[in-house]
Structure formats: structure tokens, C-alpha cells
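Database features (TrEMBL):
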REGION    1-25  region 'Disordered'
DOMAIN    37-307  domain 'RNase H type-2'
BINDING   Asp43, Glu44, Asp140  divalent metal cation binding site
REGION    150-173  region 'Disordered'
REGION    292-314  region 'Disordered'
REGION    339-361  region 'Disordered'
COMPBIAS  339-349  compositional bias 'Acidic residues'
Amino acid sequence: MSASVPTRTGGVARTPGPSRPGPHLRHERAALREGAVRVAGMDEVGRGSLAGPVSVGVVVVDATTRTAPRGVADSKLLTPAARRALLPALGRWGLARAVGHASAAEIDALGIVAALRLAGTRALVAATAVSGPVDLVILDGSHDWLTPPADLFSAADPPADEAPPPAATGPRASVPTLLPALLPAPVALPVPDPVPDPGTRPVPASVPPVAPGLPAGFVVPRVRMRVKADRSCASVAAASVLAKCERDALMVALAPDHPAYRWEDNKGYAAPEHVDALRRLGPSPWHRRSWRLPGLPHDDGSGPGPDVAVPDGLVGASVTPGLLDDGLLDDELVDDGLLDGDLLPDEEPSDGRAAWGMMGA
């Protein structure tokens, strides 16, 4: 709300009211006061994409972490240029940061929730190798996709708006949550294969199981859910920006091999040109074959289709920043289509925020 103040000439001037607060560290610092030594903010991107990996970013903070770099916000509220501009500062902020990925083949084999868990655990393993163990993870939303199902109710925090049990003093001990619960059994990935002709599906050969290189017995920290955490928690907002930038860059890197789908523009989401190419050409090796892809008849249940062998960049985790060094973020990373459900403006406001957007899955 604006306020009225008198001027020297006797008139009345209107002063702007308080700006809408951006993400902050109050929730993270509250957890640190409760006894946590390190807190991680995590967010996912790519859940609703038709092609490419699902990616999870993580940023670890502690009591020494200063206020987030200016401009940090939920990635869906920022233009591509604003997200890119934040990368150098985010690469210096917090104790550690990483992005984990799960491929389309893993999504088909495991389902989207288990694939999110896999990508998130990969990110945590990479980040905690630098920062040390994390005591609490703050996740955006109301559904805990990170905690394996067997321990979901025993390990989860109460909702953020509920007070902790009266007897609680200091951090609550987490129930051991072991990584093997991520996968019900080893899953074989197919080897690289050329884009098949529409309607054909070569029989894949087996390669090493999903989730290579993850340490046995890794304990998933306890999780605290917070609705719209990417709008209020600086660590979660920063994680969303890192994950969005890295996943977008991966899709841009894949686009030249499959130009008809226009991934350099739509990043694998259901933009009209992407759906039209699916209708004309069928799915590529990077599409999520177990999904009801628009423009195609639904699969008859015969199982996932061929997917490329998953390179480290798509199923592993990277300790960011690495995109600038790899040359993946450049002037070509311009998104004029549907971006994680966003509808971006034609012109970028001076503060780098998108003028308006539509939230998507």
C-alpha cells in the first residue's frame, strides 16, 4: 500500500509501498536454531516434460551462509537471461550446490516419483561430498518425493504450519533411510540406438543397472515440506535456478541431433511445434515412452522404448557451476516457447523478472 507525504509546496506525494518480499533464509535459519548443522534446499524441474531428464537442484547452507545474491527467485518467475546472469553468484553462494538427473529411460522404468527420488539423491550425494552431511532438506510443495516410501511417515517432519511435538528439543533424529530403497530391483538400460522409424521398436540390449556410482547405505536426510518454498526459501529458489539452467542447457545440447522437435526452444515440453513433430515423426530416443505422448496412440503396455545410454551429464549429478565453462549457456539459450509451463513476455523488464507467467508442473 502506498503512503501520502507532504511536499515542500504543500502538495501531497505518493510514496511506493513495500515491495513484495523475495526468498530469504528465515526458514533455513530457524532449522539451524533447532539444532541442524546444515540445511539443504531442493527443487525439481522437468517433471511435466515429454522428453529429456527430470532434474533436481540442491543448495546446502549453514549458519555462516550470508543473504542470497540479489535477484534470486523461483526460476519460473525469471526470464532465461535473468537466470543465466545469476549463475556466477550462485556458484559462490552456500556451502555446496549440485544438480542431479534421471533419464527418460529411468522415468519409464521406475515411474516419475521414483525417478525424482533418484535424481534428488544423486544431487545430494554430489553436494554432501563437498559440504558434509545434511541434517534437513526443505522441499517445495506438499508431497515428499525424496523420502523412500518405507520411511515416509516415520522420517517426515510435520507440516510447516504445525508446531513440533512439545517434547522435541534440538534436532529430531532421522530414521535411517538407505539408498537401496530407491530401486525395487536392478533395472537394465538400453544401449545407444539410432532414432527408430515411426512404429518400430528395436529390442534393447542390457547395460549396467540404473543408479551407478551411488554409495551404498547413503542416508536420505529428514525432509520438511513447505508449500511455495521456491518463493520464500532462498536455498530452494537458488536450487530451482541451477536445476532449470542445467536442464535447459542439456536440452539445447541434444537439440541439433533431433531438430524437428525444437528442443532449443521448448526444452522438451508440449509446445505446438513439439507435438506436431511427434505426430509426424514419432518419438525420439529421448522421449518418455511410457507416457501418453500427445499426437500418438497410447502404448499397448509392451514396455519402455529404446533410449540412449545415459551419459553422466543426464543421469549423474554435477557440482555446479559448470555450464559456463562447458559453453552450454550462450546467446542461443533463448526460450520463446513453453518453459516449464511458463508463458514468458516478449520483452524483459529491467529487473530481470518475467512480467507474468503461468505455473506448470
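Positions of Cβ are set from backbone N, Cα and C atoms, glycine also.
TrEMBL does not curate its annotations; it predicts them automatically.
Apart from Asp43, Glu44, Asp140, the residues listed for divalent metal cation, the same chain places the Cβ atoms of Met42, Val45, Val56, Gly57, Leu139, Gly141, Ala229, Asp230, Val236, Ala239, Ser240, Ala243 within 8 Å of the centroid of those Cβ atoms.
Counting other Cβ atoms within 10 Å of each Cβ, the lowest count among the binding-site residues Asp43, Glu44, Asp140 belongs to Asp140. In the predicted model, residues of the domain 'RNase H type-2' (37-307) average a pLDDT of 78.
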